[in-house]
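**Student:** Sharing the features that Swiss-Prot gives for it:
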type	residues	note
DISULFID	Cys89-Cys167	disulfide bond
CARBOHYD	Asn175	N-linked glycosylation site
TOPO_DOM	1-18	topological domain 'Extracellular'
TOPO_DOM	40-52	topological domain 'Cytoplasmic'
TOPO_DOM	74-91	topological domain 'Extracellular'
TOPO_DOM	113-133	topological domain 'Cytoplasmic'
TOPO_DOM	155-188	topological domain 'Extracellular'
TOPO_DOM	210-222	topological domain 'Cytoplasmic'
TOPO_DOM	244-260	topological domain 'Extracellular'
TOPO_DOM	282-320	topological domain 'Cytoplasmic'
TRANSMEM	19-39	transmembrane segment
TRANSMEM	53-73	transmembrane segment
TRANSMEM	92-112	transmembrane segment
TRANSMEM	134-154	transmembrane segment
TRANSMEM	189-209	transmembrane segment
TRANSMEM	223-243	transmembrane segment
TRANSMEM	261-281	transmembrane segment
Amino acid sequence: MDTDYGTVHTQQSVKGNTLILLIYFISFIVGFPGNCTVIWFTGYRWKKSVTTIWFLNLAIADTLFVIFIPFEITYILMGHYWPFGLFVCRIGSLMFNTGMYASIFFLTFISIDRYCLAFRRDICNKYRYRINIMVMIIISWIISILLSTPYMYFKNTNEKYRNNRDCLEDYHSDNNTYLLRRVVFCISLVMRYLVPSVVMLFCYCLLLFKHSLFLSKGQTYTIVIMITSFMVLWTPYNILYFIDVIGSHYYNADTIIDAAPISISLIFLSSSINPMIYMLVGRYVSFENYSMRESLKLILSEERDNQTNHENEIKMENIN
């Protein structure tokens, strides 16, 4: 199974390709302007805060997902022919995987940040400063790039299987590179799914079940939707990823060929989900009397945090 944006197989049925193209179109049409809007407001229009810095970098990472979707759409429409050459193939691989890692890292850090704001104010008072957050963000980007480098290195425009050109990962030149492939896949599975899933579920479940009294309706809906969307959109891809790691003799190859491209398209769809969650929850659940721009600001900026903290203090006084 290939794990990159240029990996849809020609064996896919017409219905399968139609579904994949539909998901790609939705992901790009919604995800690109949506994430650019978040980047514009959090990066240029609003006052910088810890919260806006997190969401700014999350939007940048998600944009790296969607920016190469038109190339993938072209690839499918041309009958699974890759016309863009080796350089674009490898750069696209680097951007896709870097965006994937960085997006998950930032979602995980946002979960930890929400948890600390609710339960560990001592940690927030000691460490939650913009300079510390910026250091964590820079380290996250560096790690994301390093973890993505093997995918770019082994990317190749391959023509040996048919009279056509593909953008594929070529780990099969010898046993050493095949072993490296498994090591890279195992690290990837742990770093971009298992650990983040455990951390996010832990943080958000505690927020929902132990701190729900101090969460607004909009915050509660946002948390539930973010957890659900992450698990629904990322789990199929990582299940296939795990099956691929343990070896081809454990699964039916035809099933993987049919399911893999669809699972990859769901990963692209995830990049467009986050800004829609913020906008829809803010507009229709939590801030009905505000404009879309004001609702987005209240969800993605510190102002909402400060307002919520003040409300929490009042609730605590009433309880006591």
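The backbone N, Cα and C atoms fix where each Cβ goes, glycine too.
Mind running through what each feature is packed against?
**Tutor:** When secondary structure is read from DSSP and collapsed to three states, Cys167 (disulfide bond) falls in the strand class.
Per-residue pLDDT, averaged along the topological domain 'Extracellular' (1-18), amounts to 55 for this model.
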**Student:** Just name the winner among Cys89, Cys167 (the disulfide-bonded residues) by count of other CB atoms within 10 A of its CB.
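**Tutor:** Result of the Cβ crowding comparison: Cys167.
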**Student:** Counting Cβ pairs under 8 Å to the transmembrane segment (223-243), which of 19-39, 189-209, 261-281 comes out on top?
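**Tutor:** Per the Cβ count, the answer is 261-281.
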